[in-house]
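Chemist: For reference, the structure I am asking about is given below.
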Amino acid sequence: MARNVVVIGTQWGDEGKGKIVDWLTDRATGVVRFQGGHNAGHTLVVGGEKTVLHLIPSGILRENVTCYIGNGVVLSPGALLEEVDMLEQAGVDVSGRLRISETCPLILPYHIAVDGARELAKGMEKIGTTGRGIGPAYEDKVARRAIRLQDLFRPERLACKLKEVLDYHNFLLKNYYHAATVDYHQVLDDCQIKAERIRPMVADVPKLLFEASQADNNLLFEGAQGALLDIDHGTYPFVTSSNCIAGAASVGSGVGPQMLNYVLGITKAYTTRVGSGPFPTELSDATGEHLAQRGNEFGSTTGRPRRCGWFDAVAARRSIQINGVSGLCITKLDVLDGLETLRIGVGYKSKQSGEMYDALPFGADDLAAAEPVYEELPGWQERTAGIRNFDQLPQAAQNYLKRMEEVCQTPISMISTGPDRTETIVFHHPFG
């Protein structure tokens with residue numbers, strides 16, 4: 001009986017999803033990306049070799065796995081081919097195992113130009129995007145003016161649609177942002193060149209996924225970013241431009257929701273955030289520096305330092321609720337090694353009224369007006385990195401994990417104690 005698993009981040013991204021997806025693909029025949037674009041950064045370590053993927057699903061490093069990019073992904077042809085070349089130079093067969101939905105909206109140079117001009121214009125109020133054109137590409141999709149992957153293979157349609165959409169964006173760039181415009185012929189020529197390399201990988205992804213599931217093949221749906229960055233349920237407006245929650249796996253790939261059997265929520269043992277936006281448990285002291293240095297907390301896509309803080313159970317519970325999380329995978333436990341005392345944010349208190357509440361507010365302003373209520377637990381000095389058996393963890397680490405489980409009101413299925421595939425403790429395998 002086929003079992004399909006959705007892997008999502010329960011925080012603000014960077015939870016370590018790439019390593020877990022790579023580990024889970026041992027029992028999957030297909031891995032599906034269903035939202036986001038090359039703003040994601042999934043880091044995999046196999047046999048000591050580090051690979052960072054931004055667009056192609058993490059299952060590509062398993063020879064028996066077919067990878068799919070669903071319609072919910074905004075696709076940069078240039079970023080795609082750069083990643084294909086990088087992997088194939090390393091001996092990985094990509095073009096023979098990657099299938100891309102023809103209805104993916106494209107990210108083209110004018111999206112990147114608008115993204116950069118917009119952030120520059122906002123100054124101190126900027127969102128902190130990756131500058132890769134993700135937001136403007138999703139805007140075109142919703143406005144029904146997007147150029148989709150299928151358009152690359154219809155030259156007359158491509159030329160006409162590109163002229164129309166580029167006139168619109170160049171008007172904005174020139175007259176509103178006072179920025180340089182984008183050349184039509186250069187974009188058109190580049191699209192036509194890249195089209196022939198991409199054509200063999202284009203497929204009817206919903207049909208292939210349905211057939212794979214009907215044939216009792218396990219599928220893994222790989223989320224990007226994290227639930228707290230979701231365009232609807234995140235800390236708006238400091239969010240990404242797509243739906244990052246588990247429900248998006250259905251919409252963004254073309255499979256029915258009844259085909260999704262298990263949701264694995266990836267959660268760091270502490271909390272991080274990149275870019276702007278409220279972060280109640282953020283630490284600006286020596287402990288925050290410890291987390292940043294030990295956790296190597298620098299964005300794999302932008303290289304920006306991540307903001308670090310204590311584990312926020314209130315935010316985690318909201319993510320668990322909106323995703324219907326079946327089980328948690330706790331990552332980066334080893335980063336807490338050496339800390340005398342640990343804290344978990346178990347509630348919020350209004351900075352103005354002192355009112356207590358235990359649910360994540362909707363919207364950035366309300367969250368910024370909250371301060372965390374902490375519960376303290378003893379830390380541990382022993383090393384947890386690489387441990388593969390729960391009973392071998394220090395007692396204080398075991399107690400910390402049990403408390404995380406209690407305050408999240410969700411069972412822990414897995415624990416990651418290091419970046420390599422093998423550095424994993426498993427209580428319940430999502431594929432059964």
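Even glycines carry a Cβ here, placed using N, Cα and C.
Relevant sequence annotations retrieved from Swiss-Prot are reproduced here:
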- Asp14: active site, proton acceptor (ACT_SITE)
- His42: active site, proton donor (ACT_SITE)
- 13-19, 41-43, Arg306, 332-334, 416-418: GTP binding site (BINDING)
- Asp14, Gly41: Mg(2+) binding site (BINDING)
- Asp14, Glu15, Gly16, Lys17, Asn39, Ala40, Gly41, His42, Thr130, Arg144, Gln225, Thr240, Arg304: IMP binding site (BINDING)
- Ser300, Thr301, Thr302, Gly303, Arg304, Pro305, Arg306: substrate binding site (BINDING)
Chemist: Where does Asp14 (active site, proton acceptor) sit in DSSP terms: helix, strand, or coil?
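Modeler: Coil, per DSSP.
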Chemist: Let me make sure I understand the structure: which of the binding-site residues listed (Lys19, Arg304, Arg306) has the fewest other Cβ atoms within 10 A of its Cβ?
Modeler: Arg304
Chemist: Per DSSP, to which secondary structure element type does Lys19 (GTP binding site) belong, with helix, strand and coil as the options?
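Modeler: Note: Lys19 (GTP binding site) is helical by DSSP.
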Chemist: Specify the count of other C-beta atoms within 10 Å of the C-beta of Gly16 (GTP binding site).
Modeler: 20
Chemist: Have a look at the binding-site residues Asn39, Thr130, Gln225, Pro305, Arg306 and say which one has the shortest Cα distance to Lys19 (GTP binding site).
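Modeler: Result for Lys19 (GTP binding site): the nearest of the binding-site residues is Gln225.
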Chemist: For Thr43 (GTP binding site), just give me the three-state DSSP call.
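Modeler: Thr43 (GTP binding site) sits in a strand per DSSP.
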Chemist: Determine, using Cα-Cα distances only, which of these recorded positions is closest to Gln225 (IMP binding site): Gly13, Asp14, Thr43.
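Modeler: With Cα distances computed to Gln225 (IMP binding site), the winner among Gly13, Asp14, Thr43 is Gly13.
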Chemist: What is the separation, in Å, between the Cα atoms of Asn39 (IMP binding site) and Gly13 (GTP binding site)?
Modeler: 11
Chemist: Please identify, from the binding-site residues Thr130, Thr417, the residue with the sparsest Cβ neighbourhood, meaning fewest other Cβ atoms within 10 angstroms.
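Modeler: Checked Thr130, Thr417; of these binding-site residues, fewest Cβ neighbours within 10 Å: Thr130.
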Chemist: Give the number of CB atoms, excluding that of Thr43 (GTP binding site) itself, located within 10 Å of its CB.
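Modeler: Thr43 (GTP binding site): 18 neighbouring Cβ atoms within 10 Å.
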